Structures are given as C-alpha cells and as structure tokens.
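Below: one structure, written as structure tokens.
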Amino acid sequence: MTPSNENIVPLIKKESILHMLERGLREDGRKLNDYRPLSITLDYAKKADGSALVKLGDTAVLAGVKVEEEEPFEDTPAQGNLVVNVELLPLAYETFEPGPPDENAIELSRVVDRSLRDSKSIDLGKLVIEPGKRVWTVWVDIYVLDYGGNVLDASTLAAVAALYSAKLPKVVNENGEIKVVKEEKGDRLPILFPVVTVTAAKIGKYIVIDPDLEEEAIADAKLSISYTPEGRIVGMQKSGAGSFSVQEVLYIENTARAAGLKLLEDFKKQLNIQ
Amino acid sequence: MRKQNEFVFPGDELAVIEEFTPGENTYEVDGQVRSSALGKVFYDMINRRSNVLTLKKPLLSTLKKARYVYGVVMGVREDSVMVSISSVEEKFISPSLSGFLHVSQISNKFIEKITDYVKAGDIIRAKPMTYYIPLSLTIKGKDLGVVYAQCSICGTVLVKQDDEHLRCPNCGNIERRKLGNYMVKKVGNQGN
Amino acid sequence: MIQIQKPRLILDDGRRLDGRKPDELRPMKMEIGVLKNADGSSLVQVGNTKIIAAVYGPREMHPRHLAMPNRAVLRVRYHMTPFSTDERKNPAPSRREIELSKVIREALESIILVEEFPRSSIDIFMEVIQADAGTRLASLMAASLAVVDAGIPVRDLIAAVAVGKADGVLVLDLNEPEDMWGEADMPVAMMPALGQINLLQLNGNMTPEEFKQGLELAMKGINIIYNMEKEVLKSKYAEYKEES
C-alpha cells in the first residue's frame, strides 16, 4: 500500500533543501556526491560467529553472523547456504512496530542478499564439511538500531564486515571421520572480496549520494547500485514512486561507482584487508 | 498541436502550455500539455483549452454529470448529516461513498432542528456539489429530499401526508421531513 | 524438474535455446477488458508467461483512517497461482512476491494521476497464471493496461522488458533457462512517451559498459512493445465505440 507521509517536517523543509542543493550544498555540510563518515566496530556481539556495528552518519546497523551445520539442498550438494535477513527494529524509529518484516525490510534483505550472492564474494563451494552430506549455512541477521537514512548501504556494509570477522567452527579429521568442534574457532569464512551498495536519491532535479533521513523523505526516487572492487555492477534496485531519465540513470551509475570505489577503500582500510 | 479529433494515447503531447491550458483528461509537465487518457483530442478554441474526450471514465469522474444520488442517512449531528451513498442515479455502487449534508443545504427555511428535516435511517435523494470523498450534498431542490422513511416509534414505513409531513399507517404518528419525490404514496401491503 | 547442469545458452549459430536472436523479443499477446466485474482488466502473454490483471477503483478507502487527504492510495498485489510454476508454489505470499508487489506499486505510482482522487483507493491485482521468466514486467504491463482500461488518468503507458547476459552475450527478453543460468538479469520498465525509467533492477554481474549497452538494448525492445500496446489499445477503443 502507498505509505502515508508520517513525518511532514521534511516536506515543509523541501524548498530550503532544494535551495541549498542548487548551490551544491546539503544540510549537514556535505557536497552532493559525498558519503557520510563511516565507522565500523568488529565483533560487537561476542557470541556471534562474526559481527559488526556500522555507523553511517546517524544510521546505526548491527549485523551478526551465525553458522549452522545442515544438509545441503538437493540441487546444490557441493555448496553451503547463505541466508540474509534485515529487521527494522521498533527501537530504531518512531513508526516501526514489532511484528513480521514489512515490505521495506523484505526488500532490504533481498537486495543485500542478491548483492552478496551475485557478486560471488562468498565462496559457497568452500562452505562444505562433507560433500553431499554436511554443509554450513551462514545466517546473516542485520538489525537496524538507528534509522537515519540510507539503511540499505549501511546494511550491506554491516553484512560484509560481519562476514569478514566471522570464523567457522573448527573441523577436524579423525581417522577419516570428519568432526565439528563447536567450542573452538577454525577457519575464516571464505569471503573473497568486499561488496558495497551505493544509493543515490533524486530530489527535484538533483541527485545526491547517501541520502539522510530528511532527504529520503522528500526524494522522488532512489537508485541503489552494488559494486565489487573491480567496479563491476552486482546488483541494482530502483525504489520510490518517481522515475529517472536514461541520462540520470547513467549519471548515477558513474557517480555511484566513483563513490563506491572510494567507500571500498575506506572499508578495506578500516578492516585492514587487501 | 495535433489535428482536431485525432486519436491519442496517454502521454502524447497535445500542445505547449502557452497555446492551450490543460482541460479534461490532460495534464501538464515541463510546460507541455499531455493526454492522460485514451481518446480523441478536442481543442476548445474559445477557452484555449485542450481536452481529450474518452469513452470510459471511473465512477468518481462521472459524478460531475450525475443529476442525483441516493443514500442512507447514517447519523445526524448538530450542523450536518452523514450520508452513505449507495447509488449514482439508478446505478448501484459498492462500496458505498461517504457524503455529508450541511445544515445550510437542507432547506431555504430557517432550521431549528435538523431532525425535523431528515432522520437517521432515511433514504434521501440528493445532488452532489463536490466530487471528492466525502461528497458534499444538497437536498434544497424541489425533487430532492427524503424519499423513504420509517416511523421512529414503530418502524413501519411512513406514507406521505402532505408536502412536509409523513404519517405512520400503523400507529398514526405524524413526522416532519424535507421531502423529495417521496416513494410511498399509499399504504400498500404495510399495516392496515 | 530442476536441471543440475547448466546448458549452453547461446548455440553455435549465435541463436538462443528457443531459436531467437540475442536482440529478439518473445511473441507477445495483449488483451484488454477480459473480466466483467473489474473496473479494468487485461491479459498479457509474453512467450509462455501469462498474467491476468484487474483494477478496482478509485473507490472509497476502507478502513477510512488509511485514506490520504490529498491523493488516492494504491494497493497492489502481485501473486503467483500455485500451479503457475513447475513445482507447486505455496499460495501464501512469499518474500519475493512481497518485494515485487512493492516494486510494481512504485512503478505504477509514477504513471497514475493519484492527486485527482483524494481519500480514495485504487486496488490493483495481478495473478501469474503461467510463470516462464519475466513475470514482474508482464504483470506491470498488464496492470498498466488494466488501469488505462478502467479509464483512470495516467501520465503515460508502461512498456517493459528484461535484458540479461547469457554465456557472455547480452540478450533481450530472457527465457527461463537464461533467467536461471544466465550471468545477469536486468528488468527495465519505462514510460515511453516521457522517456522515464520507472522500474530498474539488476541481479547478476555486469560491467558498467555492459550495463550501458544493456540499457540501450532494453530501450529498443521497449519501443517495439510500446507500439504493440498502442495497437491493442486503439482496437479496443474502436470496440468500445461500437458498443456505445
């Protein structure tokens, strides 16, 4: 159903925000293509196999990874499984309510899931304990703690960071018998490279990268694009009731790619990975 | 500009805003007037408006041409009456539409008590004055007003006594209303 | 049955598994006004994908507190019948269906002149009868035709097609094996007269250059589909005219 305008303040401010955009400025002092400051805290939840708290401006997202032993699916006997779920917690925003995930949470989950899966950044083939019999299922649960705009990009960042911090339980081979020692940590998760999602919002005729909550509230439409470090596109999602011209889409792809590659550098530096 | 009567699709450009203002079934974007429907262009040269004439319209858009609607009075407030409209002329509609009747649209006379004119449960014939939900209605016209009512004491269908009064054939109770083309003229098979 | 081995998607002669060239569309059939009760309806077939769509409204919004004072509310449901797929699909709405209902609704928001019907709702339902790749776009087109059939004012029509990558080749209008085994799937929907993109997704893997070429290929397909839609609408209009 069409969402109702819950917060009317940004609508009242729309004119002044547009005025600033015309001069190439944003309320928080950023330029149109600037990302908000990113901070990542790894292993924030110690009982998880891997976790990361990501702060992107006012947005805070916590991702936790849990690994479980399971039988493989019939059609993919030599592959582990990846399950991504995003929860928009009631503690994150005034209008969020407890209950099953709504369409926004489901869309977020599915976009993050596709970016991770389609980029093949996780080597699912390496998540096998015994081929055809036992594999690892990697559960990535993403909890939005503070809803400050652009939770999609923050969710992808949190998921990837948590996956990088995650370790599988130890697997030992005792005289040909493969055993899982749950109490001990073993190998790192087979994650090959990081992936980022970059969201651009269209406000009037202006395009801004990494919209904050107010900008999102007055945006006509958003386009989110996921990138690998090579600059390959590994996911795309348009959302919102508005539309884009072809030129706008091509402009966003260029701008988002530049922002994405910069974001990846920052991400790698913070996680200390190559 | 297109040819008069040319067939157009939604999105087709009809004129620039300086030539013609947007009329029926059109909209404006970036200074251009475009069609919002399937139909034939009609440029109104006198008013300088471009219109698209269509064959099929949503119900809410047909209300402008409706001469009257029928509805049930759902409640009477101090200065207005809530009406649930269930037919446009003789065409039954579902779900019903909300309407209201302001005290000033009931009669030309001074009204002391609304319930002397309409009561909850009455069926009225009214004319819509606005075309957005809830519809603002009037029953000021000669053939507009209550067309069907039940006795507020015993529930029997009332019959017309004179231009302003209804009589209960069962208990003899007399009630006042603003009457339209009141339907029940004789006792029929009710009561006596 | 689920095929475990990926087949070759592009054959030696450069053609696809269903005999099409990479830039060729599947056969398409559109019908308008197929249901009696709905205010507007349509049936769209793209290859073996078959969708039926219906529109009710604009009508009074129930429950009333959900109505919006300045516009109509759109309620959109994309749903797959249990028998539309190889394996029976659970009729309860899946996460995929919930996401697609949202994406389709947002695309429809951009064409429907919702401001003309304050406090009302427009309910749009799409049922997938046969699923064989491209159901979201066929559903979106079916919905847009049903909306036009209902006489609801719109900014433009919607024409849509997916572009994908199969064995490294950019292909137009994916078929089921390409959807399943291809390297990328990019559904694109446009408002053709206004040149605006109102649905764009991508799953899979493309270089920016491939994306650019893919978008051009999609626009080529969209143009053909747009002309087909106009033909269908024109003949339907003639039919209405005879009736009235």
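From the backbone N, Cα and C atoms, a Cβ is placed for every residue, glycine too.
The Zn(2+) binding site annotation in TrEMBL covers B:CYS151, B:CYS154, B:CYS168, B:CYS171. What TrEMBL lists as domain 'S1 motif' is B:66-127.
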Most crowded position, judged by CB atoms within 10 A, among B:CYS151, B:CYS154 as binding-site residues: B:CYS151
Which of B:CYS168, B:CYS171, all binding-site residues, has a Cβ with the fewest other Cβ atoms inside 10 Å: B:CYS171
Non-site residues, in chain order, whose CB comes within 8 A of the mean position of the CB atoms of B:CYS151, B:CYS154, B:CYS168, B:CYS171 at Zn(2+): B:SER152, B:ILE153, B:GLY155, B:THR156, B:LEU158, B:PRO169, B:ASN170, B:GLY172, B:ASN173
Across the domain 'S1 motif' (B:66-127), average pLDDT on the 0 to 100 scale: 93
Within the domain 'S1 motif' (B:66-127), residues counted as helix, strand or coil by DSSP: 6 helix, 34 strand, 22 coil
DSSP three-state assignment (helix, strand or coil) for B:CYS171 (Zn(2+) binding site): coil
Secondary structure of B:CYS154 (Zn(2+) binding site) (DSSP, helix/strand/coil): coil
